[in-house]
Amino acid sequence: MAPCGRVRSRCPGPALLLLLALAARPALAGPPAAALQAGPGLNAAGQPAQGAAPGAAGPRGARGGGGGSGGGWKLSEEAVCREDVVRLCSKHSWANNLAVLECLQDVREPDNEISSDCNHLLWNYKLNLTTDPKFESVAREVCKSTIAEIKECADEPVGKGFLVSCLVDHRGNITEYQCHQYITKMTAIIFSDYRLICGFMDDCKADINLLKCGSIRPGEKDAHSQGEVVACLEKGLVKEAEENDPRVQVSDQCKKAILRVAELSSDDFHLDRHLYFACRDDRERFCENTQAGEGRVYKCLFNHKFEESMSEKCRDALTTRQKLIAQDYKVSYSLAKSCKSDLKKYRCNVENLPRSREARLSYLLMCLESAVHRGRQVSSECQGEMLDYRRMLMEDFSLSPEIILSCRGEIEHHCSGLHRKGRTLHCLMKVVRGEKGNVGLNCQQALQTLIQETDPGADYRIDRALNEACESVIQTACKHIRSGDPMILSCLMEHLYTEKMVEDCEHRLLELQYFISRDWKLDVVLYRKCQGDASRLCHTHGWNETSELMPPGAVFSCLYRHAYRTEEQGRRLSRECRAEVQRILHQRAMDVKLDPALQDKCMIDLGKWCSEKTETGQELECLQDHLDDLVSDCRDIVGNLTELESEDIQIEALLMRACEPIIQTFCHEVADNQIDSGDLMECLIQNKHQKEMNEKCAIGVTHFQLVQMKDFRFSYKFKMACKEDVLKLCPNIKKKVDVVICLSTTVRNDTLQDAKEHRVSLKCRKQLRVEELEMTEDIRLEPELYEACKSDIKNYCQNVPYGNAQIIECLKEIKKQLSTRCHQKVFKLQETEMMDPELDYTLMRVCKQMIKRFCPEADSKNMLQCLKQNKNSEVMDPKCKQMITKRQITQNTDYRLNPVLRKACKADIPKFCQNILNRAKDDTELEGQVISCLKLKYADQRLSPDCEDQIRVIIQESALDYRLDPQLQMHCSEEISSLCAEEAAAQEQTGQVEECLKVNLLKIKTEMCKKEVLNMLKESKADIFVDPVLHTACALDIKHHCAAIPPGRGRQMSCLMEALEDKRVRLQPECKKRLNDRIEMWSYAAKVAPAEGFSDLAMQVMTSPSKNYILSVITVGICVLFLIGLMCGRITKRVTRELKDR
């Protein structure tokens, strides 16, 4: 090159060279012979040049050269180099000095060392080539048209030797083939030694000494291989950025010189001498067919950098060059060339920015990505280059000085030894996610910045670790999506936790999504569909701009707040944006770490309550379970998310996946609606116990129901239907169960009082009914009952499933064994269910078809009454009949559990059974005492007609099934077990047990049991219908002899007794036998149980076999008394009239 003084006067330092961008690898053939044959210290004619440096002519005896064609001086004929040339260079190149020079300076060291004298000769030859003005004439001849086009070079003074320097400086703009070849060869010569680079020595002398990059004088190192010094300075520049150590700082002038040298060598890897020597073998191994020039060899080597067979020294050299590219994009020839017009078009290199900032690769990528995301057109060549370098940054963390600077501790502690193919970055991501320890805020910010720079959300292939881990999943689950499409990531998220997902892909995907979820711009599809809405509603700025008022993480929160607004609330999202917001919400529901706000506010609570919940989706469920225990900020976030889920349960992606079969079968209509509004969850709840329902779905639906109980806002439809009623009638009540109780109590009171206008609105009453029915299915949905009975459930119903109200049914069946508090709650529940049988989940489930058959139009409150009336129908389902009997048994334990009886006997109960009521407790059964009392009064025929009708039915039913008589069952349990075990074990009860007890009356020892059996006998006298065995035996006789006599009040029984005494009447043998048995029983009963009143006495007389004799005696007695009265007159003293009239 020309003397540096002239060049630096035009443009200080190596800044003169800023315009170079492109070059092609030189051909082996050199420029015109005159230039190529000139030797050190010689002119073009081969004569010694004036002013040649001492020793320029080379060693003694080598002057005047000859031996070349045309008699020109040849390097190959110099004695000091002849042996090296013959040994190292092919014979056809000996005649060409530049070819020999290229051969010798590309020698593999230290395998084939060149002699010291030859090295010195080469140095002087190269120095002359770069400083001798006589070479200018060759350049003017070869580059005539190029010089005319480049004004700066045309203006250089003639004969001063500055022209070659100028042409090297503008090599990228040279299009003339021969000129380009000549100048490229000159550049290769210059770049072989830093001292030959114009200005480099002056700019970097102090830095070379500071960084100890080697001697600046020829000596220990070969004079022509001083490219190692430049490599050392490059490493110093890189180290400065990575360590931020004030003791190791490269001066600004030298920094510019280093980057300019790297830029000038960007087109041909031969020009980076250190990299060339380090990677020659690897070039042959990996890039043998790659033509040199335009940075192609560099790119090829970059692509193979992490191959196992890549040498370590080459990998280090490539990494250093990549780090320089990261500091100045112009060090990449292909990137600078492909993106030149786009950078200018989108003002990515405006003058007012600091040079160090706009030159950074990250700034270029961010600026051009911003244009792409705004929908601007960036050339495909430039986008291709951007993709390559984004992939490069993701592949090797060491190319990002911020990562090394901020994450050094995390790398050493958690990620050592994972330097290849992006594994270190993913390891750091894993640490940030909290899976391998804690991470500093600076490291997290550096990672977030790198993810924004590389933008892997736009193309998954940028993340090599993810690409390799997920290749099989993409080929199977996402093969319908074009390779590189941003929707690939969404597709992978949709298949997260499915059988198609592989574990390694799952980890890499979640690690990347953690960062994408923290900056809405990194989700390309979301940004594309929502940038208008975000600008309008959330006041966001450009893609690569940030705002303190609206940080990236807050934008999505703003969007989803608007996504679920009603039309009345206004300012809603566009349909496309809303769909994307829902997609993101679905993804976030899979992992709590994908929701930045949730993880930030709930970090302490997650550690406190959910440290053991590591399975998919368990952390959010755990937070919901402990909602009342969470700190305020976390509780608000979880509450808002749960409220959102109640409106659109499809956000719960894992639940939706588990429930897919049931949705397709039973809920496809509501699932297809774009606006959910809680319909889908309601449908799932209603079909929770279908046989198609799988366990995962049922558990998920039940869990959501349990969460809903914590706050009525979590039931979207209930909230929307009743929020005004709640504010008016139930203020300050939060829990759903309390709101339901408050509203249902209000509705019941208004109904009982026949209020003209209900205080609870019609739409709320309808939804309230839905909520009440849903709560009956699982005891956990009734928190007060569940809390009261927890210990009893553990003791008695431990293996019983919660669903289908099975626990509630279990508690009902063992009611007598329950703790007092639980017993009371169960009694209250039964009282409610008997008043409104539709709330009896088990009854409604078991008898669903029978209700459709027998009670399609029955009011819900009369449902059980209707079923009881049809219980003995031939087409009644046995299971339903059994369930009706169970409810009848329950009703007969206490009149309060039989609303119809309670209403019919409203006046009779306090009149006849007050003493029992006085002993009664509100929450404890009377064990049938009131009903037994009413039965006795029924026998005395003293009840009101309505009450009598109800008691008759109860007597008839209990006569067929002893279990319907709680007093009998309680007092005669031992007798039934010992005397009537076979009858009690019968599947169908038809009065056999009662008959057995009557027959064995004499064997009964227990007084209370005997009394109950005697009461049965007494009841049977009142009406034959209450004695099923006798009624069955005498059915034909009643039809023949007593058809005209209406039933009731013992009339048909008296008719049969008269027929038995009438000799003219022949009764059926069975009937006659049963009647005689009854008479004997009644006779014994009369002896054992004396009449308690006149009515009992009269009944005993009427049913006695000596009825006529007794009546005759009574009549005679009365007549005798009458006659005595007539004959004996007054017994009292007579009184005079005067005394009477006083």
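Placed from the backbone N, Cα and C atoms, the Cβ positions cover glycine too.
Per Swiss-Prot, compositional bias 'Low complexity' is recorded for 45-60.
The DSSP secondary structure for Asn128 (N-linked glycosylation site) is helix. Per Swiss-Prot, the feature N-linked glycosylation site maps to Asn128 (among others); the stated evidence is sequence analysis.
The 10 Å shell around the Cβ of Asn173 (N-linked glycosylation site) contains 16 further Cβ atoms across the protein chains shown. The N-linked glycosylation site annotation in Swiss-Prot covers Asn173 (among others), and the record cites sequence analysis as its basis.
Swiss-Prot lists Asn544 (among others) with the feature N-linked glycosylation site.
What Swiss-Prot records for Asn640 (among others) is N-linked glycosylation site, and it gives sequence analysis as the kind of evidence. The Cβ of Asn640 (N-linked glycosylation site) has 16 other Cβ atoms within 10 Å, all protein chains considered.
Counted within 10 Å of its Cβ, the other Cβ atoms near Asn749 (N-linked glycosylation site) come to 12, all protein chains included. As annotated by Swiss-Prot, N-linked glycosylation site applies to Asn749 (among others).
Sequence annotations record features per position, and here Swiss-Prot assigns region 'Disordered' to 45-69.
Residues or ranges marked as repeat 'Cys-rich GLG1 1' by Swiss-Prot: 81-112.
Look at Swiss-Prot and you will find 113-175 tagged as repeat 'Cys-rich GLG1 2'.
With DSSP states grouped into helix (H, G, I), strand (E, B) and coil, the repeat 'Cys-rich GLG1 4' (249-309) comes out at 38 helix, 1 strand, 22 coil. As annotated by Swiss-Prot, repeat 'Cys-rich GLG1 4' applies to 249-309.
The annotation repeat 'Cys-rich GLG1 5' is assigned in Swiss-Prot to 310-376. Note: the repeat 'Cys-rich GLG1 5' (310-376) comprises 49 helix, 0 strand, 18 coil (DSSP; helix = H, G, I, strand = E, B).
Per Swiss-Prot, repeat 'Cys-rich GLG1 9' is recorded for 572-631. Taken through DSSP, the repeat 'Cys-rich GLG1 9' (572-631) splits into 42 helix, 0 strand, 18 coil.
Here Swiss-Prot flags 633-691 as repeat 'Cys-rich GLG1 10'.
Mean pLDDT of the predicted structure over the repeat 'Cys-rich GLG1 11' (692-751): 91. Annotated repeat 'Cys-rich GLG1 11' per Swiss-Prot: 692-751, in sequence order.
According to Swiss-Prot, the feature repeat 'Cys-rich GLG1 12' maps to 759-819.
Secondary structure by DSSP for the repeat 'Cys-rich GLG1 13' (821-874): 41 helix, 0 strand, 13 coil. Taken from Swiss-Prot, the feature repeat 'Cys-rich GLG1 13' applies to 821-874.
Outside the transmembrane segment (1109-1129), and at least 6 residues removed from its termini, the chain residues within Cβ reach (under 8 Å) are 1101. Cα to Cα, Asn173 (N-linked glycosylation site) and Asn128 (N-linked glycosylation site) are separated by 25 Å. The local packing around Asn128 (N-linked glycosylation site), expressed as other Cβ atoms within 10 Å of its Cβ over all shown chains, amounts to 22. DSSP labels the residues of the repeat 'Cys-rich GLG1 16' (1004-1064) in these numbers: 43 helix, 0 strand, 18 coil. For the repeat 'Cys-rich GLG1 12' (759-819), the neighbouring stretch richest in Cβ pairs under 8 Å, chosen from 310-376, 572-631, 633-691, is 633-691.
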